[in-house]
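Let me begin by presenting the structure, written as structure tokens, before commenting on it.
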Amino acid sequence: MNDISVGIIGTGKYAPERRLTNQQLESMVETNDEWIVSRTGIRERRIAAPEQATSDLAYEASVRALEAAGITADQLDLIIVATITPDMLFPSTACILQEKLGAKKAAAFDLSAACSGFIYSLASATAFMKMGMYRRVLVVGAETLSRITDYTDRNTCILFGDGAGAVVLGEVAEGRGFKSFELGADGAGGELLRLCGGGSRMPATEQSIADRRHFIEMNGRDVFKFAVRVMGSAADEALAKAGISKEDIDLLIPHQANIRIIQSAIERLNLPQEKCMINVDRYGNMSAASIPMALAEAVEEGRVKEGDTLVLVGFGGGLTWGASVLTW
Ligand code: ACO
């Protein structure tokens with residue numbers, strides 16, 4: 001075991017140019033801007049261009065993160081891509097990204113934990129590094145959810161967007177970096193949020209396409225209740241493991257699914273509003289990309305200073321949840 005401190009040494013993000021606004025959605029399904037904003041806080045989301053796949057978004061975010069970290073791709077030892085919208089079933093999006101970046105010495109794999117995927121990936125990368133296996137790891141959350149969203153279903157199509165966020169992990173000074181991780185899963189709730197078509201249980205057939213089984217299916221109300229419960233408890237657990245109290249949080253970076261779920265986490269942690277990063281209004285829910293995008297944006301906006309205590313927390317399909325406490 002290597003008793004090194006592991007932290008984030010560079011961040012980057014990428015959002016596709018095309019915007020899909022609530023007004024545009026009004027002409028696609030029976031909905032309205034007022035309903036969407038009051039129930040979700042979302043005003044617009046980004047949509048990948050037809051020629052862009054998840055690895056293309058991941059590549060743009062990764063180039064920026066590598067530049068911020070001041071290292072080149074050939075110095076990477078490992079690439080983990082958290083995604084539920086890989087370019088294809090295999091090879092992994094991480095392998096496709098490895099080739100695009102020219103990260104010849106890096107091992108590469110995808111991690112599937114839906115919206116919790118980025119935190120699961122950070123924990124995995126940190127474990128590899130603490131074990132002494134790798135020194136520099138690229139962790140990416142990247143999604144093209146627009147490809148698995150049913151734009152005839154008003155319950156889901158208003159929620160999701162495309163984007164990517166990336167971080168480079170490296171050794172940092174003692175006392176800095178990740179202090180704790182809390183990961184969890186409840187497979188019994190898997191049917192609340194899933195995509196059935198195209199897997200080994202339901203290969204693509206004319207019937208599966210006609211039945212619209214290649215899109216996200218969600219029980220919004222139950223996911224909402226679960227999210228409110230675990231966002232608070234996961235953050236509490238991660239804080240307790242790190243020996244840090246709520247009062248010491250400088251910035252909360254929650255999964256950006258719904259403003260009301262974020263508000264409940266803010267209240268549970270007793271935080272003033274300005275100590276929470278919120279960009280769900282501009283991007284919607286980008287699953288595994290939401291937290292790294294919000295983090296990269298917070299860094300760009302100068303909202304993260306050396307020595308700050310950050311809490312990352314998310315939940316998603318699986319069901320899964322995850323939280324981490326780190327000192328910047
Ligand atoms: N526009 C107008 N009306 C709508 C819309 C819409 N877009 N969508 C649903 N409604 C209607 C419903 O049909 C329902 O009508 P009814 O009462 O006549 O049946 C009414 O609005 C209320 O619906 P609810 O589902 O109760 O609305 P709720 O307040 O729960 O908000 C929402 C729905 C926004 C989906 C909420 O439940 C939510 O955010 N859930 C969590 C979703 C989430 O975080 N998913 C994470 C996915 S992450 C991943 O792993 C990919």
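Cβ atoms here come from the backbone N, Cα and C positions, even for glycine.
Per TrEMBL, the feature active site maps to Cys115 (among others). Classification of Cys115 (active site) by DSSP places it within a helix.
Marked as active site by TrEMBL: His255 (among others). On its own chain, His255 (active site) has Cys115, Ser116, Met231, Asn285, Ser290, Ile291, Val313, Gly314, Phe315, Gly316 as residues at least 6 apart in sequence with a Cβ closer than 8 Å to its own Cβ.
Per TrEMBL, active site is recorded for Asn285 (among others). DSSP assigns Asn285 (active site) to a strand segment in the three-state reduction.
The domain 'Beta-ketoacyl-[acyl-carrier-protein] synthase III N-terminal' annotation in TrEMBL covers 109-187.
Confidence for the domain 'Beta-ketoacyl-[acyl-carrier-protein] synthase III C-terminal' (239-328), expressed as mean pLDDT, is 97. Feature annotation from TrEMBL assigns domain 'Beta-ketoacyl-[acyl-carrier-protein] synthase III C-terminal' to 239-328.
Per-class residue totals from DSSP over the region 'ACP-binding' (256-260), listed helix then strand then coil: 2 helix, 0 strand, 3 coil. TrEMBL lists 256-260 with the feature region 'ACP-binding'.
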Subject >> Helix, strand and coil residues within the domain 'Beta-ketoacyl-[acyl-carrier-protein] synthase III N-terminal' (109-187) as assigned by DSSP >> reply: 26 helix, 32 strand, 21 coil
